[in-house]
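Single-structure report; data block below.
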Amino acid sequence: MAAGPDALSLFTAIGLSEPKARETLKNEALSALLREAVTQAQGILGPTVDKATGTLLYNVASRLKDQKRLRFLVGCITSKKIVTDLQLSAALEYVRSHPLDPIDTADFEHECGVGVVVTPEQIEEAVEAAINKHRAELLSERYRFNMGLLMGEARGRLRWADGKSIKNEVDLQVLHLLGPKTETDLEKKAKVPCEQEGRPEPGENYKTEGYVITPHTMALMKQHLEITGGQVRTRFPPEPNGILHIGHAKAINFNFGYAKVSPPRASPTPPPPPPASAKGSPPPEPATPPGAPRLCQGELPPEPATPSSPWPVLALSSPQCGGRGGWWGWAGRSSYFWLCNALGVYCPVQWEYGRLNLLYTVVSKRKIIRLVEAGAVRDWDDPRLFTLTALRRRGFPPEAINNFCARVGVTVAQTTMEPHLLEACVREVLNERAPRAMAVLEPLRVTITNFPTQKALEVLVPNFPADETKGFHKVPFQAIIYIEQSDFREVMDKGYKRLAPGQPVGLRHAGYVIAVQNVVKDAGGQVMELEVTCTKSDAAEKPKAFIHWVSEPLVCEVRLYERLFLHKNPEDPAEVPAGFLSDLNPDSLRVIDGALADRSVCSAKPLDKFQFERLGYFSVDPDSTEGKMVFNRTVTLKEDPGKV
């Protein structure tokens, strides 16, 4: 299908980026289905389709197996019967398992949660029931208890509840039951030392199954131990040909971590001489001269005389340099031992462990190159990738990556992990390391009509509210401040606790409570400004909530990142038949040009990290200039289990 301007404009009109739209057009089947879905939606809604609806349309076109159900599902989306991806997943499963016409509309709507409204009170009751069920274990294990179990049981009672709301309620009730985390809660469980897991210790390589012992083995081993002092020496097995990624981090951690915790060893005890007839063992004095052809596995030449090019020249890649990957893997471990012995060098033991994979991403350099070429990411260090340079740019501390690798552990089988487990490690580190600041992503101007002074006040804000010994920073507070648009509503919903007419809120750290007096709107009815009055906190009734704010702020750019791919396994043809480039998440990057931050961050350098209160952890991007700072959101403050 030609990527003409009409096709591009049709797809970008529903929120796809131009690179994503062009990539979609390369897939004729997907683009034809998406065009049909968008055209149908525009026939119902008009030419303007909001981004949330557009995302659902894209998802249904990319995931639907039975195309005859497209019109039915698009009708459900445009009529707002299906409004979340959770409902869409249920709808897709329903039509897959009910292939015959007609669809029982009432049964379909029941199975897809159409019209179901879950109240905050229901969420509170479901979480309370789950906590009461596991109360004894919670009190015993405290914060080591698997909180996901509580969330799962609450979700089981309220299938259509918002995952983030459940998570927040679990956190709130657990905190109420257990109180704040103690030092004991933060201690990490001791791990079983590597030497207790059956791997050889220094000087005992010859005990490894399949190890080829020669008359020179023990002399070479003794020489090796004299050089190393009996310490474990490890190399970095995965060849970093291109750029390091999260899988390499696991290998680095295991290899050097194992060496670090292993004590030095004395010289080895000589093994009994191998019988000449032992299977796989070489004869003690092989007759084949050095360099002679037709050497077979298990045969060893005698110790070579010193040649003129010091080692035999191989037309093939040497495992001495590149490990047992590539061609050498064909021959196996015994061939590796044979070559070391043929060269008359010390023979280390190699242990292969399973690769670490993460869901919702790709790490192959060839696939990353294709992402860069397609314009889906900026470069190898795009913060949506899981290369180490990308994680560094996003703000992931190295300690968090190391902690994650330690928790993953080492197994022979391949390991596939959810990215949120890595993000949890990031939060643990940044909670202790990232100073607090206030920032507003979507500003709403607020004028305090009875501000007590003509000039700005100075407010002291703790860098770490839980530990005020770590110091304070000053922020100005004056008659004009800015708050988040989402922290104000003209009409209160049940359970809403922030600013609204008739419902005051407190301003964090300021010592004041504000109350709405007037709402200023533009000609189109959009709220442009609030006029409020303020009262000192000690003279006002305690508000239901405290919100963050900024005054005399810095204008900055903020980049918000989500998963790069829509499906867990974008490389799996069964899950993504059209290939990983067809599975890009159109909402993986959102750029906010007019965000506002308090002036305490003005001297920050690239890669400095902050917690923007109530918003998440952020890192200064190297794109920052003297005139405008750029922040990458590293992670949100809490995991959102409902987010893809």
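Glycine is treated like the rest: Cβ placed from N, Cα and C.
Taken verbatim from TrEMBL:
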type     : residues : note
DOMAIN   : 7-163    : domain 'Glutaminyl-tRNA synthetase class Ib non-specific RNA-binding'
DOMAIN   : 166-193  : domain 'Glutaminyl-tRNA synthetase class Ib non-specific RNA-binding'
DOMAIN   : 231-260  : domain 'Glutamyl/glutaminyl-tRNA synthetase class Ib catalytic'
REGION   : 262-311  : region 'Disordered'
COMPBIAS : 265-292  : compositional bias 'Pro residues'
COMPBIAS : 301-310  : compositional bias 'Pro residues'
DOMAIN   : 333-431  : domain 'Glutamyl/glutaminyl-tRNA synthetase class Ib catalytic'
DOMAIN   : 434-534  : domain 'Glutamyl/glutaminyl-tRNA synthetase class Ib anti-codon binding'
DOMAIN   : 546-621  : domain 'tRNA synthetases class I (E and Q) anti-codon binding'
Based on DSSP, tally up the residues of the domain 'Glutamyl/glutaminyl-tRNA synthetase class Ib catalytic' (333-431) by helix, strand and coil. 51 helix, 7 strand, 41 coil
Looking only at the domain 'tRNA synthetases class I (E and Q) anti-codon binding' (546-621), how are its residues distributed among DSSP helix, strand and coil? 7 helix, 31 strand, 38 coil
The domain 'Glutamyl/glutaminyl-tRNA synthetase class Ib anti-codon binding' (434-534), counted residue by residue under DSSP: helix, strand, coil: 6 helix, 52 strand, 43 coil
